[in-house]
Structures are given as structure tokens and as C-alpha cells.
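A.B. asks: The structure follows.
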Amino acid sequence: MAHAHTVKRHKGLMDWLTTVDHKKIAILYLVAGALFFGIGGIEALLIRVQLAKPMNDFVTAQQFNELITMHGTTMIFLGVMPIIFALMNAVIPLQIGARDVAFPFLNSLGFWTFLFGGLLLNLSWFIGGAPDAGWTSYTPLSSTEYSLTHGVDFYTIGLQIAGLGTLIGGINFLATIITMRAPGMSYMRMPMFTWTSFVTSAMILFAFPAVTVGLVLLTFDRILGANFFNVSAGGNPVLWQHIFWIFGHPEVYILILPAFGMISEVVSTFSRKRLFGYSSMVFATILIAFLGFMVWAHHMFTTGLGPVANALFSIATMLIAVPTGIKIFNWLFTMWGGQIRFTTPNLFAVGFIPTFVMGGVTGVMLASAPADYQYHDTYFVVAHFHYVIVGGLVLGLFAGLHYWWPKMFGRMLSEKLGKLEFWTFIIGFHMTFFVQHFLGLIGMQRRVFTYLPNQGFDLMNLISTIGAFLMGVGVIVFLINIGITAAKPRNASNDPWEDGRTLEWTIPSPPPEYNFKQIPLVRGLDAFWKEKMAGNKEMTPAEPVGSIHMPSPTILPFIMSVGLFIAGLGFMFTSDDFGNSFMNFIFSNYIVTGIGLAITFGSMLVRSLYDDHGWHIEPSELNEKGVKA
Amino acid sequence: MTTPHAEQATNVLPHEPEKATLEGRNKVLGFWLFLGGEAVLFGTLFATFLTLRNQVADGPSASELFSLPITAAATFILLVSSLTSVFAVQALHRGNRSSLAKWLGITVLLGLAFLVLEIYEFTEYMHEGYSMTTSAFSSAFYTLVGFHGAHVLFGILWISVIIGQLYKKGLTVVTAPKVYVSAMYWHFIDVVWVFIFTVVYLLGKVVG
Amino acid sequence: MTNHDSNGGTTIKHRHRQEGPQKHVIAFIFSIVLTLIAFASVAAGGVNTAFTVLLLLVMAVLQVLVQLGYWMHLKDKGHMIPILFMAGGFFVAGLAIIAALYWMWW
């Protein structure tokens, strides 16, 4: 079947705009995630500067509200999500022995919609003012009555578009893991990171449509004058809280589960031991996901749901400590008796465990509804969720990035700088957030833009600010490390950590475009390690060398996302007066929105009408390209 | 071996052509996953409607507003269109392209009839001064039913494009998954409508 | 083979039987009857409200089962994953509806 299609190969920028290769999309996600992570980090530092001393006037109250809103929103939706997707894209097809994801086109579409949604949200800084109703955007604070700028419109529409990208990515990874596994890789032989990503993708699938609806309702309230949350016409603000948290609580598990997977891989590799209690880990992951959907109202204890609801959600929340505890002990038992090497990824993983336990313990404290009446909306809550998200997820991401960096880029990051990064970051982290527990307990409210002196807040806030800058130094060391590494030769071996256990370490770093010259046969959990123990240098192939079918690059996902961006922007400004009759005409008659949607749906039509026949890499090319890639 | 695709399909089509290639199977599976997400989307819209169903402010209530004959007609039309799309998939499995295109065409026409009824219903309400901004109930009603209507519209356009492709490209292992997946979508639209006519219209009459 | 398929691939060769339209016409008539019962019970009125509500919901669920099971083939072999994910979707949808009905107004 060697019919060669000629396919246009792009170079330079066009290559990146049109790529459908999961490894390149991983790098795009990483770059975009780093950009937004940087923006969110700068916002965090500005917040901490403002709070460094009492009665500070570094920023105004309005600017402070915008900063905290954008810090939370950016970090959750645009900072850590894409970095998770970067690692999922870079690693999962390799771990399951696949040449690509199930839907390469959708993979690219997911990235570009995410990026343009994120750009739209951040555009708010330059036109009309950033959202200022908190990352939870509770009504009526986020209604047009109290939030006068277009900030919240940027929030609803920007997140809508970015969320669409995330949903597409989730479906893609579900289908990939279900159908694209190499022969012999049953579900219970999948690496732990693949498992947690699978469960996370399922949670994305079930959680994101809820927020889609929530954002639609808020958009309609603000732009079309609907009354979902308008009490005077029969609406109910509690509806927003329910919908937001039915999405929002699963969202935090969506974030943390992949980190659990990364930690499992790293701890097992650097202990030179099989992951302790693999099947209980799988079970615990699924249980956490299930319970994650059952506990949303613990964010609403003080809303007034009544004792029955509060008791139910309180108990359900405490139950989550059980599967999480199973995971913690499994990691400890994996290390126990192992030949532990404290490489940078493992340092982050080992630092993760106690830090995350602290965040988990405060979580159980908060789960107790009566006690929550005291903690609610204080810095105790801020400390808690930063312990689980930064101390949990971000440490996990650093572990994962250091661990898979050589696989993604073919170069080992400097271990020396990596260790410096770890120590500055983790010390800075605990300085920043440990004291915030006590700030909360002695009564400091969250989201206040300043505070009066001599209430016992002053010193702890200063310590917290210094810690935040130390974390910033840690991140800068990481960036320097990346810069120095990029100048070094690309010489990482297939298995640069030497103790690789899973399939990604059987192929070159970085892998060739087609990943596997021959799809491997999987004979057990930790497939590569199993072969190593049997004395084999490489995997047994499951197929003869043959021509490999590849999908064609395409610009359509990019254009579709641009269309959504235009449509969103147009819809937002429908009732504005531009002082220019032409502008007023095209915006108020939904012409701009229509053009944007026409671009998006037109691209969809083009995609449907013109079949992608793809192209083939022939066996003769495989031999020469196999090594250098 | 790589996955088989388009060109070799000129001779004989496999029994279930929509699942003959890896791409086709992925498409069907991926669409099922998408429908799982759609279930949450409509579930949340139903939740919104249910909680606001009595919040009519100064506007009319559900039982004053709705007319059952129109809803019954719309329901009957959509049910028949579900049956015709089943016949379409059967024609697909027989490899009968003209029968397939015929049943898809009938499905599209029924979809259009449904949409016309819905637009007529909405404009009637608008004439009575009952719009999106009247009350929380009206906002929820228009959003839920309108979301469903938008899905019907998208389905009509989508299936029309597929009919065109069947004539242009023929029934192949590339076009077959498109037909199958669009039929799944159409059934799902009907599933949602079953809940809409029950929860919004009938329960609105009974309880509202 | 490039890929292992756990879903559907193996069932193809077992299912060469040709399905006739009769089965689907029966399912269709069943759906129509369910719909008629639902509309008639509302049009007739006068019956106990709680009973009517229950009846309507049962009719709706039965009809959805016909659509999903027969017309969308969920009852056929090799549909474990679709069933799992549809059930997941309906479950989360149910959570939202429970919240809306019981924990929204007080």
C-alpha cells in the first residue's frame, strides 16, 4: 500500500502553526503555559508587595481586585492546565507505545482554542479593565450592577473559549488511551501517569460542560439582560455557586491527579523499585475522581444550605482523605528499601509528599462544617489551597518537567542548578504560605487589599512577601537552567536516567516524528524494566518494519481559534458606544460576531469536505532518520 | 501495517464500514465521549430551568403559556426523524448509497419542520411581550430550549453537508463514520427533546 | 496492526447478520405509545398530580432507554466504554439537578 502522497512540509513559524505532531504541540503548550504562569506569578508578586506592610498604597483597591482575580484565573486555567497538557502530550503516546494521539487535528485545535481564550482574557488588561470579581466570579458581585467594566465579560468569554480547548484535549486523551495502546498493554499494565491522566481527562469531560453552562448564563445575564442571577426578577445567585463548584471542585482534582501520576513515576524510577501497591493506586485514583464530584458544596458551607447538606458534604469530603492516604503510604513504601537517588526530579517528588500532606490535613480541618464557619474567607483557606496547588501540583510539575525534559528536548538539565532551584523554591514556598495559616487563624480576611497596623499581621505578612520573592528566584534559576541547557549539545541517550521503566525510555531523545519504528510488544507492567530484567536491551517489536502513515499538517485549527476569538470579542462589545457610527453598526448588529463564527464554521466545513489522506514515511527513510530525528 | 484508508474502498465495503478503520472507530468512540459531556451540559441547563421554573416575576407561568398541540406535533416530528435516521444507518450497513441519502434527506426535512415549529412558538411568545428579559423563568426557558434548537440547526447543516459528500465521494470507509456519528448526534438530540417535552412542557402544565 | 483495539474491532466478524427494519418499527411504535400516554395523561388532567409526575418521568426514562439501547446500539456487544461514559455524564447531570431541586431555595 505504498502510495506516496506529496505533502507540503512547512518550515519555521508555519511549522509550529500547522503542526499536528503531539510532541510539538507539547512544546507549544509548555511555552504558552510558561507565558501565562509568568504573568500569574508577576501578579502574585504585586499582590505580595501590596500586602508587605500595613496601609500600603502600592496599588489601589480596584487594581488589587483585578490582580487577585487575574492571578487566580490565570494560574488555574491558563498556567498549570497547559503545563499538565504539555506533559500529557509529550509523554502519554510514548508511554502507551503509540505513534500519535487518536485525533491529531483535535489536539492542535485544543491547543489553539486554549491559547486564544487565554489571550482574550489577558487582553482585558489593555481594553476596558481586567475582571475584578474574584476567580470564582460570584454573583451579584460579577453582575453589571457591581462590576461596571467589561472585565467579567472577558472572564466569561475568554474562559469559555479556553475551556472548549481543554474539553477537546480531554476527549482526545481519553480516546487515545482507550484505543491506541500497544499490543499487550492492558489497562492494568498502563504506567501510573497514563492512568492518572486518563482519569483526569474523564473528569474534564464531565466537569467542563458544567462551567460552560455557568459561563453562558453569566454572559447572558450581563450582555443579553437575562435574569438567572438577578434576584429582582426571580433569579438566584446560589445557582451560580452550585454550578461553579460542581465544575470547580472536580477541577482541583483534575489538576492534582496528573501530579500524583508524575510523582509515582519519579519515585518509582529513582527508588529502582516497582511502584508499591499499583492496583490500589489505580483504585485510589478512580475513587478520588468519584468523590471529587460529590463534595462541591463544601465550598458553600456558610451559604446556608442547612445542616443536612452540610453534614453530608462534610463527611464526603473527609472520605477523600482515605484514597489520598493510600497514595501517600504507597509512595513511602515504594521508597522504603529502594536504592534512592536524590536527583532533581526526585527531590521535588520527595519534597512534594510532606508538603501535600500538610495541605491535605488543613483540607480535612476545613471539611468540618462548624469549624469552617471560622476559617471561611480567611488566609487559612488561602494557605490551604496554595499548599495543595503549589506544594502539590507545582512541585509535581517541576518533578515531571525535570524528569521528562531530556525526553522532550534531548538535553539533560543541570543537576546543580536544579537542586538550587528546588531549595530556593521550597523554602520560599513554606515561608510564603506556612505563616498564612496563622494569619487566617488570628483573623486576617482573604481578598482584602490592605490592613491596619498592630493587629499581629505585620511581621507574618512581611515574611510571606519575602518568601514569595524567594519562590520567584527559584523559578528564575529554572529559566537560567533551561537557557544554559539549550546551548549544550543535544546528546541525551534513550534512557538518560538509566533506570527508566516505561516505554518512553526505549526510543531516542527526542523521539523521531513517528515515535516507534516498530510498535513494541508489552509483556508486563513497567514494560521496559521487565525487558531489562530479562537481559534484553530493547523491546520485542510487535510488527515488521513497514511504511508509517502520518497525518498532514494543517493551519485550520489556528484559523478556527482566531474565528472564536473574533466572535467572542464582537459579542462582548455589542452594546458599547464607540463614538463612531460604523463601529457601532458592526458591533451592535452582531456583524463582528457573525464574521468570527463564519470563519470558525467555515473552517470546519473545509475540514469536512477535503479529506486528509496524510502521507507515509517509507522503511528506507526510517533507517536513516531513526537515530538523528 | 498501517491503517487502511480511503483509496482501497472502491470495491467491496465491509459490513460495518463506520468501524472498518482505526480512524472510524476512534471517531465513533470520541463522539460517544463527547455525548457524555453533552449530557452534563444539558443536565446543567435542566438544573437551571428546574430551579427557576416558578420564578416568573410579572410574566406568565408555564401552564398559562404553553400550548400542548404544538409541542405534541414537534415531538412526533422529531420521533419520526429518529426512526428515519435509524433507517439511514441500516442503509449504510447494506451499502446502499441512494437509500442512505434518501433517508438522511428525509431526516433533514423533518428537522427543518421541527425548527420551523419552534421558531413559530418563540415568535408567538415574543409577540405576547414575553422575552429573555421578562423573568428568571423566561431566561431559563429560552436558554434551555434554544440550546436544543441550536443543536437541531447544527445537525441539519451537518447532515446536509454529509449528503453532499455521499454524492461527491460515494459511500466509503471515510464517509461512513461521518454518517454513523451524525446519526448518533441526531438520536441524542431526540433524547434531550424527550426530557424537554416531559420536564418543560408536560410537567409545566401539570405542576406549574 | 498498528494498534491494539479493545473496543469494537473484534465484534465486527460476529455481527454479519442483517437487521431488518421490523425491530426498529416496533421500537418506534413503542416510543409513540409512551409519548401518547404522557401527553394524554396531561391533557386529561384531574388525576392525582404526584401520580402524573411519576408517570411522566417513567415514560421519559423508558423512551430514552429505547433511543440509547436500540437506536444508538448501547445494548450491543462492545459498548462498555460508551455505556460507562454516558452513565458518567448522566450521573453528573443528576447531581446538578439534585442540587437545583433541593439546595437552592430556603
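From the backbone N, Cα and C atoms, a Cβ is placed for every residue, glycine too.
In TrEMBL, annotation is done automatically, which means it is predicted and not curated.
The domain 'Cytochrome oxidase subunit I profile' annotation in TrEMBL covers A:10-523. Residues annotated as transmembrane segment in TrEMBL: A:26-47, A:67-92, A:104-127, A:157-180, A:192-218, A:238-263, A:275-296, A:345-367, A:379-401, A:422-442, A:462-484, A:585-606 (among others).
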A.B. asks: Averaged over the whole of the domain 'Cytochrome oxidase subunit I profile' (A:10-523), what is the pLDDT?
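C.D. replies: Residues in the domain 'Cytochrome oxidase subunit I profile' (A:10-523) carry a mean pLDDT of 96 in this prediction.
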A.B. asks: At a C-beta cut-off of under 8 Å, are there same-chain residues at least 6 beyond the transmembrane segment (A:275-296) that contact it? List them, or none.
C.D. replies: 188, 192, 195-196, 199-200, 202-203, 206-207, 242, 245-246, 248-250, 252-253, 257, 260, 264, 267-268, 313, 316-317, 319-320, 322-324, 326-327, 329-331, 333-334, 336, 525
A.B. asks: Determine which recorded stretch among A:26-47, A:104-127, A:345-367, A:379-401, A:585-606 has the most C-beta pairs below 8 angstroms with the transmembrane segment (A:67-92).
C.D. replies: A:26-47
A.B. asks: Excluding the flanking five residues on each side, which residues at least 6 beyond the ends of the transmembrane segment (A:192-218) place their CB within less than 8 Å of a CB in that stretch?
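C.D. replies: Same-chain residues near the transmembrane segment (A:192-218) but 6 or more away: 84, 87-88, 91-92, 95-96, 137, 139, 142, 152, 156-157, 159-160, 163-164, 166-167, 169-171, 173-174, 177, 226, 228-229, 239-240, 243-244, 246-248, 250-251, 253-254, 257-258, 260-262, 264-265, 268, 275, 278, 281-282, 285-286, 288-289, 292-293, 400.
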A.B. asks: Grab the same-chain neighbours of the transmembrane segment (A:585-606) for me: Cβ-Cβ under 8 Å, and only residues 6 or more beyond its ends, written as numbers and ranges.
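C.D. replies: Sequence-remote neighbours of the transmembrane segment (A:585-606) are 556, 559-571, 573-576, 578.
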